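Undergrad: Pulled these features from Swiss-Prot for this protein:
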ACT_SITE  E113  active site, proton acceptor
ACT_SITE  C363  active site, S-methylcysteine intermediate
BINDING   C133, C137, C140  [4Fe-4S] cluster binding site
BINDING   G187, E188, S219, S241, L242, H243, N320  S-adenosyl-L-methionine binding site
DISULFID  C126-C363  disulfide bond
DOMAIN    119-358  domain 'Radical SAM core'
Amino acid sequence: MSQPNTAAQFAASVVSETPEKKGGKINLLDLNRKQMRQFFIDMGEKPFRADQVMKWIYHYCYDDFEQMTDINKILRAKLQQVAEIRAPEVAEEQRSADGTIKWAITVGDQQVETVYIPEDDRATLCVSSQVGCALECKFCSTAQQGFNRNLRVSEIIGQVWRAAKIIGSLKSSGRRPITNVVMMGMGEPLLNLNNVVPAMEIMMDDFGFGLSKRRVTLSTSGVVPALDKLGDMIDVALAISLHAPTDDVRDDIVPINRKYNIEQFLAGVRRYLTKSNANQGRVTVEYVMLDHINDSVEQAHQLAECLKETPSKINLIPWNPFPGAPYGRSSNSRIDRFAKVLMEYGFTTIVRKTRGDDIDAACGQLAGDVIDRTKRTLKKRQAGEPIQIRSV
């Protein structure tokens, strides 16, 4: 068998090494409703039992079959023998002055990061899809950690379950329940579709977390073939990590652009929009503002021209620094000038408020604890380049 020749191909080829069963028991968090119903049918039970169990798991965040009082004792005993509800554990919690909470979540012998962001009218959970990331975007902390593996369904939906359980226990303190989930944490979701899609199905299932498809957002840096596949698998809100209006700049800061350039990426986005109701006809464009790299007035005009055939809402993101990064954050005046140009073209343009940067929980700062399998960190050491080491 030929070996993957790029980091992204390597990531796509790696399946989770976490076993499906622990101690001979299947983790029910790995199953969407269709799979859960088949599980109960195989046990000789009626498929509606799946709906009952899912409701206990996701509506009430129960992980003990004995608490499921509308299930008879015989079935509860059978479930204890063959199944479990095992979400990843929190290794550490950090709280920001602005109310943001970041959790280091243990997955096997490594850690990913999950962030809860409360606002006046919503509470968003930022969820990771991989241990590390293979795409090597230069302005992103996660990319500097290298890549190890894809997360399983249970490790993705388990982040939501764990956060919902914690937030539920904090209701007396006024914490808003999770209303939105964004797949914008560690990793490239489109390189882990086989696990990300079932997890998003559970997020939107009435017997799961019951979120509207407009409140579940997947963000991608531009894996175009997988984006086409996504459109045939599920309908969720789409955000794209564009970050540059021209290929010469994007080739440097988002290296996957060398394989799928801006024109190809946006064509894929338009194909997705024709299949999607969740997006209401337009995509959210994420654009990190890097001082004197991608933030000139000329580049604002270029971005507007670039997006003229792709209905878009644009989020301008002040860059969030991390140790060893070669960039600076654009000044407020440069960001304001950039936004003004885009609005003059008629684009809805928002300058995203930085949240959680005092605990390294802001956009682009998530790092976790990753055992790199791409040799990226080894190459940096050999070249004498700085390596960001995070202790969580």
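Just so you know, glycine gets a Cβ as well, placed from its N, Cα and C.
Bear in mind that the values here come from a model prediction, so they are computed numbers and not experimental data.
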Undergrad: Write down the Cα-Cα distance for C133 ([4Fe-4S] cluster binding site) and L242 (S-adenosyl-L-methionine binding site), rounded and given in Å.
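TA: C133 ([4Fe-4S] cluster binding site) has its Cα 17 Å from the Cα of L242 (S-adenosyl-L-methionine binding site).
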Undergrad: What's the longest C-alpha separation between any two of G187, E188, S219, S241, L242, H243, N320, the listed S-adenosyl-L-methionine-binding residues, in angstrom?
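TA: Farthest-apart Cα atoms in G187, E188, S219, S241, L242, H243, N320 are separated by 19 Å.
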Undergrad: In angstrom units, rounded to an integer, how far apart are the Cα atoms of S219 (S-adenosyl-L-methionine binding site) and C126 (disulfide bond)?
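TA: S219 (S-adenosyl-L-methionine binding site) and C126 (disulfide bond) have their Cα atoms 11 Å apart.
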Undergrad: By CA distance, which of the recorded positions (E113, C126, C133, C137) lies nearest to N320 (S-adenosyl-L-methionine binding site)?
TA: C137
Undergrad: If you run the three-state DSSP split on E113 (active site, proton acceptor), which class comes out?
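TA: SS state of E113 (active site, proton acceptor) = strand.
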Undergrad: Between the Cα atoms of the residue listed as 'active site, proton acceptor' and C140 ([4Fe-4S] cluster binding site), what distance do you get, rounded to the nearest Å?
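TA: The Cα atom of the residue listed as 'active site, proton acceptor' is 14 Å away from the Cα atom of C140 ([4Fe-4S] cluster binding site).
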Undergrad: What's the number of neighbouring CB atoms sitting within 10 A of the CB on C133 ([4Fe-4S] cluster binding site)?
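TA: If we count other Cβ atoms within 10 Å of C133 ([4Fe-4S] cluster binding site), we arrive at 30.
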Undergrad: Are there any residues at least 6 positions away along the chain from S241 (S-adenosyl-L-methionine binding site) with a Cβ closer than 8 Å to its Cβ? List them or say none.
TA: C137, S219, T220, S221, G222, V254, E286, V288
Undergrad: Express the distance between the Cα positions of C133 ([4Fe-4S] cluster binding site) and E188 (S-adenosyl-L-methionine binding site) as a whole number of Å.
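TA: About 6 Å separates the two Cα atoms.
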